[in-house]
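Asks: Straight from TrEMBL, here's the annotation block:
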REGION    1-85  region 'Disordered'
COMPBIAS  17-29  compositional bias 'Basic residues'
COMPBIAS  30-44  compositional bias 'Basic and acidic residues'
REGION    118-148  region 'Disordered'
COMPBIAS  120-134  compositional bias 'Acidic residues'
COMPBIAS  135-148  compositional bias 'Basic and acidic residues'
DOMAIN    161-268  domain 'Histone-binding protein RBBP4-like N-terminal'
REPEAT    405-443  repeat 'WD'
REPEAT    450-485  repeat 'WD'
REPEAT    499-533  repeat 'WD'
REGION    586-628  region 'Disordered'
COMPBIAS  591-603  compositional bias 'Acidic residues'
COMPBIAS  604-628  compositional bias 'Basic and acidic residues'
Amino acid sequence: METKDKYKGLTKNQIKNLKKKERKKAAKRKRDEEPEPEEVHDLNGEEIQGPQPFVRQGAKRTRKFEEEAVDEETTSNRKDSAGDFEDQFEDEFEEENVIEGEDWEDIDDKKKVIEVAEAPTDENMQDDKDEEEKIDTSKQKKTQENKPKEVFLGNEELKKDEELIFDNSAYEMLHRSNVQWPCLSVDILCEDRFDKEKYSSWFPKYVNNLNPTLFEKKDEDMEDTKEETKETPIHLPTKYPLDCYVVAGSQAPSKKQNCIYVMKWTNLYKTLNEEEEEDDNEEDAMLYFESVPHLGQVNRIRSMNGSNIVACWGNLEGKGKVSIFNLEEAIQRVEKKHKNKSNTMSHKKYSTMISSFNHSQEGYALDWSPLRQGLLASGGNDKNIFLYEPTDTDFCDFKMHDKPLKGHKAAVEDIQFSPRQEHVLASCSVDKTVKLWDLRDNKWKPEISWQAHDADVNVISWNSHCPFLIASGSDDGFFKVWDLRKLQKDLKSEPLTSIKWHGQPITSIQFQPREECVLSVASDDKLTVWDFSVEASKDEIVDTEIPPQLMFLHLGQKNMRELRFHPYYDSVIISTAEDSYNIFKPNFDPDQQEDDEEEDDGQEEIHQMNKEAQELQKRLDDMTLEAH
């Protein structure tokens, strides 16, 4: 009767929310009572499909580790049609039967205890034997669950009898999908940058789309000055479901099969924890896309600060081509497909290419200036860096500067414009160096050059929050962070941080927007998130295999190539690999997430009560009018 009184007078929706809170509190109490394991991983029977996160409590934050076994069948069955995202964690729960009113008393009245005394028979003895076997099996299962656990770091292959057990609370959100051909490069488009007039007025006001807190005067005759302005938040509240626009370039076997994918990922809901129920109103995550023809494979693709103007480094039979596209029409078609909830291909042809520039060799280095609208730089295997600028304000045509930047002794692998100084450019190369260039210098030679690694330097990232920090990653698995204020010209400089944790070449690296110390790295089949502000506590026994700064490990993608932080959604990462795209948000603090969810539930309940009160007031007003 106590249960009956507890839910008496509540609506079904209120009962559902109340039960959800009770389950969360019970799960939290259970976790608090259990002793914290030093390490987490599990070794059991069969292979599990889907992401396999692992949770390990670390120095000052919770660190997450996960592994995802690739579903080969899914990879082989790619289609050019609207497809659901795979969300491996959306566990389905049967709805609880809510018994209201007199039914509670009926159940209590009908409860009876019936005792039957029977003589033992062969059938009863067999039943007892079966029951004993079930008990033994249950004990064995519990013993297996209580075995010591370890963290799986993905450094070795699973044995035949090993199984990865994941903790889905490691992710706040995780979705996976693919299209027909693999893409080795990806970039993010921002919906508010698609309108030319709005974008043109927006551009000069901010240093870049990742860090709008500082403004720099553009008068080149004046000394560079930086003045603080009122901070305008660029990160949107992570209000689920999320929508995300993405552009990627394909790696098809035939040159005529290649294309640029313009995609919209929609209905990206949070990952469900075990004690949570799926909302009946939640729609499946969907992918809508448009294919834009591109002759030859796409080595790298970059959007002009999130707008519909996109540049590609292409590879056509060993020769290179830098092409610039206006994807406005393609984006409109994607929106139409979303509206119609169909990926039906249109056969109507339309022109998207603005300009193209041939090069003697292919390349990978490509970047747009965040400060000078329309300025593009490319670097290739010919050791040169070329600059491109628009000939008009509508970006209808571009021209390439005749004189390239010369100084590298081998292929240029990556380029990054400074987030604060429009005339400064950084580049890295197979010659093991990182160089800084001043575009105001008529000599067009590097101002600073230093040997950053003992192997090919593949990628660099300029910190948009602290413009004197640059990160670099090399072929030998090292990645380093450099303080530009401490570099010594023409001498060997020492990095602030040097970490050798990845066993394969670093293929992508990026500082998290508006974060000084958070960095993400991709190498082979792993993606890691590091926080260099974290230090091991004095009482903690430091695990030599897991540095204190390693906050998150994401696996499960084959031959991971590139990662991109979303410029609007805090900590949301998109990664592309040979077999799939992943979009996810690590759950660095599960307890804080539960508190936020409880607060959201409370706000939802208040909103529901206000709605019901408004409806009641409306009925009362209608009754008053009828009475008059």
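Yeah, the Cβs are placed from backbone N, Cα and C, and that goes for glycine too.
Automatic prediction, not curation, is the source of TrEMBL annotations.
Help me see these features in their spatial surroundings.
Replies: For the repeat 'WD' (405-443), the model's pLDDT averages out at 94.
Residues 207-208, 210-211, 370, 410, 413-421, 426-430, 432-434, 436, 491-493, 495-511, 513-516, 519, 521, 523, 532 of the same chain sit 6 or more residues outside the repeat 'WD' (450-485) yet have a Cβ under 8 Å from a Cβ within it.
Each residue of the compositional bias 'Basic and acidic residues' (604-628) gets a DSSP state, and the totals for helix, strand and coil are 24 helix, 0 strand, 1 coil.
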Asks: When secondary structure is assigned with DSSP, how many helix, strand and coil residues does the repeat 'WD' (450-485) contain?
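Replies: Going by DSSP assignments, the repeat 'WD' (450-485) contains 2 helix, 20 strand, 14 coil.
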Asks: May I ask for the residues of the chain that lie six or more residues beyond the repeat 'WD' (405-443) and have a Cβ under 8 Å from a Cβ within it?
Replies: 207-208, 210-211, 214, 216, 218, 220, 224, 226, 363-372, 375, 377-387, 449-464, 467, 470, 472, 474, 482, 484
Asks: What does the DSSP secondary structure composition of the repeat 'WD' (499-533) look like, as residue counts for helix, strand and coil?
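Replies: Going through the repeat 'WD' (499-533) residue by residue, I get 0 helix, 20 strand, 15 coil.
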